[in-house]
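Q: Please find one structure pasted underneath; my questions will follow.
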Amino acid sequence: MDAEAGVGGADQLPWRQHYRNLLLLAYQSFGVVYGDLSTSPLYVYKSTFSGRLRRYQDEQTVFGVLSLIFWTFTLIPLLKYVTIVLSADDNGEGGPFALYSLLCRHAKLSFLPNQQSADEELSTYYRNGFTSRHGSLPWLRRFMEKHKNARTVLLLIVLCGASMMIGDGILTPAISVLSSMSGLKVRATGLHDRSVVLLSCIVLVGLFALQHRGTQKVAFMFAPIVVIWLFCIGGIGLYNIIHWNPRIYQALSPYYIVKFFRTTGKDGWIALGGILLSMTGCEAMFADLGHFTSASVRLAFITIIYPCLILQYMGQAAFLSKNILDMPTGFYDSIPGPIFWPVFVVATLAAVVGSQAVISATFSIVKQCHSLGCFPRVKVVHTSRWIYGQIYIPEINWILMVLCVAVTVAFRDITLIGNAYGVACMTVMFVTTFLMALIMIFVWQKNIIFALSFFLLFGSVEVVYLSSSLMKVTQGGWVPLVLALIFMSVMYIWHYGTRKKYQYDLQNKVSMRYILSLGPSLDVVRVPGIGLIYTELVTGVPNIFTHFTTNLPAFHEVLVFLCVKSVPVPYVSPDERYLVGRIGPRAYRMYRCIVRYGYKDVQRDDDNFENMLVMNIGKFIMMEAEDASSSASYDTANEGRMAVITTSDDYDSPLAVRDSNDLADSMTMRSTKSESLRSLQSSYEQESPNVSRRRRVRFELPEEDDMDQQVKDELLALVEAKHTGVTYVMGHVYIKARKNSSFFKRFAIDVGYSFLRKNCRGPSVTLHIPHISLIEVGMAYQV
């Protein structure tokens, strides 16, 4: 009996742990995912009744607005996002770039230049159960893969969605903080609008000024603030239903929607621009999926978010149906007097939490754009030791702050900001609907009827709301359009210039026949050390190498062509990150190393990179020797042959490592350097503490009698070169359009791309290359 109970308890333990983790993630999601969505009741009714709908302020119109809010909130956030879209995650990640990444992997739609077949062998590349032989609409796949213009249009649609999400990062803090602060005017009736705007700006500046500290120190407060806020507004809504108008439940009938449009006509259609604000923030359910699970996000929405917000909208409608004149400040007027100030404080905190979540999402979007080659290089700071992916981008932070304060000061009106906010949110939602339809066809391999039904059902609703928002372009709706145009231009010009640069490198790479004709010395003096040549090419030798050796006919004894590239997956496992291969015969001592990162990976300043590189090359040499022993000699060229080097490889590292931090070893490692270079390095290390604190190691060959002498010689040459020192060689490229190019190309390359390249961070900075070891080779490209 006890044994059976023990077995049963053991079986139940994983289930208990699973549900405990699910509840914990659902609780934490309130502070990250739902902050923006939960603050919508602050301004929905005010924005809806701000225009021509003022002429229809009566109980029946309020019932019609509530019916629209209820069915819109049920159809889009609940049915579309919670039920369907959350299932389209990219290995746990969400957002427009996650959908685009899925499409690029399951159909050849990507513009990433240096992709190779080895990338498709990544464990997270394809969706489980996917097979290209059973795809639906093969003609559509072939059409999009064949026609560059179709793929360009798809990219522009994704960039439009990303630009609008960046616009959300500007508009959400402005409307949320200003709405919460406007509650002061309910009790302090003599307070001027300028004072409310000033207080809002102070809060906004403080919010952005604290971004560099990260959110981990106060993140534990986010979830309880939002939960308290939700229970507050849910309880207030229930109180208002009972106290003011218990018949308000009748408004849930679609009959009142029909009656609403019969009464208001075109004015009611224009008022939809205010009603759509009830679902702003639901895109965050999908975009911020990475830190949670779809099950936890669904659980939080269904059990708490949906009922609390519906109760609040119903309660506010019940209050307004009996207090029509209080429409401009309906939310705060509906709060019972004794709890006004506590609710005001919680509302302000909830607005800050909602703004924080959107700002963090904006940083993530910019990082993804950069990883996919669609945004200039910016500084990315990892702000959390425990939460992977929590980042801070200083340049973007200050741009957002300036634009957010400018919008707040310029408009000073929640309605005008709401008009702009609605355009941005509905555009992002429609982009998601469009991409989801393609996901159903290319990734889920569903029937065309299923995908078309999804697109027509949700797309038609979103188009109606979007058209209503666009009617208010002159009343603030122009702001997100202008912002999106600016950000899209920056993204596409950078993408265009980067692609042209890669195409030039690809067309002008050095042939292997020429390299082999030079012999093992490469027709230059080979000096001790390792030369790391950065290139975007994954095959061949870049022309920067011949350009360098032509002007300075000397190079290092060991050459490594290093390519750091992005692949269209969110994360690359460390065990799959490194691809190592050989260029030319063994005597040439030339290797290729490809380091792969996902679009959500953060490239940290890893002081162990050089050591990892040497270890991986050593592993490759041993693997190649094992393969060659069972086949032909590998003294011949092996160009194009790459191997994935993993930390858990069956081949143990042939190199022994020991710390070399003592003075004697340090001097031994530097013995081959000139006195002036050693002095310069010492000065540099004193000025750069991070460099001086880097771990120094010394490699040694183990005493193995059975090791092949050629392999031992090659490993010994690699170790001695590492101890001599590593030099980084990188091209400093100037790109100019050809004289016969079109006006667009000349403007994009000579003006736009040139300006962005000069004002963004240099590649050596983003790759954390020490300046003391860097050689930049000037190159001029005519594209």
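Cβ coordinates are placed from backbone N, Cα and C, and glycine is handled just like the others.
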Q: Just checking the record here: does Swiss-Prot list Glu121 and Arg213 under the same topological domain, which would place them on the same side of the membrane?
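A: Domain labels match for Glu121 and Arg213 in Swiss-Prot.
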Q: Counting Cβ pairs under 8 Å that are 6 or more apart in sequence, does the total for the transmembrane segment (339-359) and the transmembrane segment (269-289) reach three or more?
A: yes
Q: Report the mean pLDDT of the predicted model across the topological domain 'Extracellular' (412-422), rounded to a whole number.
A: 90
Q: With contact taken as 3 or more Cβ pairs under 8 angstroms (pairs 6 or more apart in sequence), are the transmembrane segment (299-319) and the transmembrane segment (22-42) in contact?
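A: Touching, yes - the transmembrane segment (299-319) and the transmembrane segment (22-42) meet the threshold of 3 or more Cβ pairs under 8 Å.
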Q: Determine which recorded stretch among 62-82, 190-210, 269-289, 476-496 has the most C-beta pairs below 8 angstroms with the transmembrane segment (153-173).
A: 476-496
Q: Out of 269-289, 391-411, 476-496, what stretch is closest in contact terms to the transmembrane segment (190-210), meaning most Cβ pairs under 8 angstroms?
A: 391-411
Q: What parts of the chain pack near the transmembrane segment (62-82), using Cβ distances under 8 Å and only residues at least 6 beyond its ends?
A: 37, 44-45, 48-49, 248, 250-257, 259-261, 263-264, 268, 271-272, 275-276, 278-279, 282-283, 285-286, 297-298, 301-302, 306, 309-310, 313-314, 317, 320-321, 324, 429, 433, 458, 461-462, 465
Q: The transmembrane segment (269-289) and the transmembrane segment (448-468): do they have three or more Cβ pairs under 8 Å, with pairs 6 or more apart in sequence?
A: yes
